[in-house]
Amino acid sequence: MSERVIAEHHRSSTRRLITGIGLALVVLGALWFSVFRTEKSIDLGTTATVLAEPRPFPAFTLTDHQGHSFTEKSLHGQWTFLYFGYTSCPDVCPPVLATLIQTDRILRETPVPGSSRSVPRVVFVSLDPERDTKERIMRYLSRFNPDFLGATGTEEEIRNLTRQLGVTYHRSYKDKSGEDYIIDHSSFILLTTPQGRIRATFFPPHNPAAVAEDFRKILAILGNRRGAY
């Protein structure tokens, strides 16, 4: 994806993003912490919220954009940035995905010494199963990075997963026809470990350099701790 396109995506964060997301942060933050209220966080000097102990990822079943089954076991084997959005998103998703492109680039250019698989993959889970087919998700992600993995499922499957993770979303219809709508949704990024457990959450606003640096700190500081992953 070109620098020009990335810049255009960042500029697309309009007043709606600033005001709507700004007001929602308090609510969404409270919801997230209510889900993880029994968990303690630790201060690693990061902007991310890092759990003191990694949390097991809830069981789920979705389908990736290649038609393969995608479950909690699919998160095993490498670090993962997990983000929930939808392909018709006009303002929130493009900047976040652009941030993850740049974060990926930074981590590949300066990887953590001695760490294998130190560049998280990106998984995009659609909140719009009605419109987001596997083919549509594949075309959408190819505009950002063809290595990004997309996943979708039935409305029930997605709601079961998002409810357990504190991801909120709501349809807002543009007219009375009920056919055209946007989805207001959470915009945090989850970080899962190679053992498929939740380790940290990155809340907006997202800065590529900060996300990359936070990940390096998590890897460097927690890497030698028993049970850290």
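Cβ coordinates come from backbone N, Cα and C, glycine included.
Feature list (source: TrEMBL):
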TRANSMEM  17-36  transmembrane segment
DOMAIN    51-224  domain 'Thioredoxin'
DISULFID  Cys89-Cys93  disulfide bond
BINDING   Cys89, Cys93, His185  Cu cation binding site
DSSP three-state assignment (helix, strand or coil) for Cys93 (disulfide bond): helix
Cu cation site, defined by Cys89, Cys93, His185: further same-chain residues with Cβ within 8 Å of the Cβ centre: Phe84, Gly85, Tyr86, Asp91, Val92, Val96, Leu127, Ile183, Ser187
Reported mean pLDDT - the domain 'Thioredoxin' (51-224): 93
